[in-house]
Amino acid sequence: MTRMMVAHPLPLLAILLQLLLSCLPALGYSNRFFYQEILNGNGNGEIHFNGVKLHVDSSQPSLFALRGSNATLSCRYWYEPELSSPRRVRVKWSWLPVMGGHETDVLVAIGPRIHSFGDFRDRVHLRQDSPGDASLVMTELQLNDTGRYRCEVIDGLEDKSATVDLELRGVVFPYQPPHGRYNLTYHDAQQVCQEQDSTLATFEQLFQAWEEGLDWCNACWLADGTVQYPITKPRSPCGGLGLAPGVRSYGRRHRHLHRYDVFCFSSSLRGKVYYLQHPQKLNLTEAQQACLNDGAQIAKVGQLYAAWKFMGLDRCDAGWLADGSLRYPITNPRRNCGPLEPGVRSFGFAPPHHKHGVYCYSAVVVFPYQPPHGRYSLTYHDAQQVCQEQDSTLATFEQLFQAWKEGLNWCNAGWLADGTVQYPITKPRRPCGGLGLAPGVRSYGSRHRHLHRYDVFCSSSPLRGKVYYLQHPQKLNLTEAQQACFNNGAQIAKVGQLYVAWRFMGLNRCDAGWLADGSLRYPVTNPSRNCGPLEPGVRSFGFPPPYQKHGVYCYSAGMQ
């Protein structure tokens, strides 16, 4: 009797995958990292042949966060029955945008190797706190990060997945452009929202806003291509008196042919919106220049709404915004400030030659810097280089003046970008101009850029990355601290980066740590008795000997 030989399926699978891989370059497929590794597995057999089942689950299928914050999308995998030894699996996270379209890769991890893709590159990583933990950690969330994320775990031929819906908390606002009602195609609507530091609102965001009291009768585009509007007070022009309150829908409309207004969505912001105290009213051009002169920019509509929603901005003065509209935010309603309910009041688009106030937006942090070799040792050109080395630039007078208004008090004179030497005093005292002078910015005037030496005031803007205190089993000298950050896939943080993380990301840590310049500092957002003065700020211990042992602050450049 002839015995029939049956080929084992695994070599055949490998051959087929190899053929597929050879075709990928011709197809322009970029994610070869993942598929090459399939052919280079550890050869420990397929689990389903042995009756073992792979399970994948998320403990939090829906997650809410704010722009600029961090989020952890939970995912865990395990085997039944439990395995006696760990296996090398492939973890893949992908993302389906809330606006629809194709699912795109976010991250792929195979053993210790991790690769991220596209706009997520280097700003996502796996938590891996325990065996089977495949949770995705996202830092510095962006407005467009909303959507459905899929955690897929692959072990040989076994492939299981779970999903997590990520939604940002924020404020929804209707927007009608200067040229009038119902003028926007879907793509116009996308651009308009982006120009106002926002994005197209989702239905879920609009529904939440309706539950919180948003009532608007004009039909507007949403992210999914539908056109809808929220009604809390039914009336004849808005669907009729006979209908109950709710979100009215026109359904999906043609994205190129149909025209409506738009609902935009803005989340928290990194800077500060304020009403500019100016001696006279301004036309639109003058208002834009006045904000620039104050070290800021004229605010956008989304920034004003975010400041009203998240920072409690309350001002009964109408002011220009960047789009030429005239608005003001009310947190505490009162008789002379419009309707007796909170909101952002709008006067539409006034003629640009009319005179009004203005709302400005500032997104820089100013800090004094003294180099390791001591006080008053920098020429102007040294000062430029020092700021650049700290991931910042020379501060302008307008930026220093704004920082003084916000409480910066520093007695040492420092270079500014215009070649003047000045310093800000909020608490007059004898060594700092004398008790008889009022608070203000003291000036030495313009100084010789090559001969005279002072300290410097630097300014930094929000950064595309994350500063963090490295959790390390022991304290480190400066060289060890630099290496420890490098081993963690990061760099030792610069002074400007630490100030930005403190100012715009709320970094709060009562542990002194090394920085790149050899200084020892720590950021305090929520002051407490054991962490120095009872006011927010970045504390400094100067430049200790580099052999001393301390903690360290690291900076990962891609984490946003």
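Cβ from N, Cα, C; glycine included.
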* Look at the disulfide annotations in TrEMBL and name the partner of Cys217 from this list: Cys193, Cys238. => Cys238
* **Among Cys264, Cys291, Cys411, Cys432, cysteine joined to Cys360 by disulfide in TrEMBL** => Cys291
* To do: Could you tally the C-beta atoms, other than its own, that fall within 10 angstroms of the C-beta of Cys432 (disulfide bond)?
  => 18
* Proximal but sequence-remote residues of the same chain as Cys531 (disulfide bond) (Cβ under 8 Å, at least 6 apart) -> Cys510, Tyr522, Val524, Arg539
* Structure fact -> Mean per-residue pLDDT in the domain 'Ig-like' (68-167) works out to 88
* **Integer Å distance between the CA atoms belonging to Cys337 (disulfide bond) and Cys217 (disulfide bond)** => 22
* **Helix, strand and coil totals (DSSP H, G, I; E, B; other) for the domain 'Link' (365-460)** => 19 helix, 30 strand, 47 coil
* Asked: Minimum Cβ neighbour count within 10 Å among the disulfide-bonded residues Cys360, Cys411: which residue?
  -> Cys411
* Under the DSSP assignment, what numbers of helix, strand and coil residues are found in the domain 'Link' (271-362)? -> 21 helix, 29 strand, 42 coil
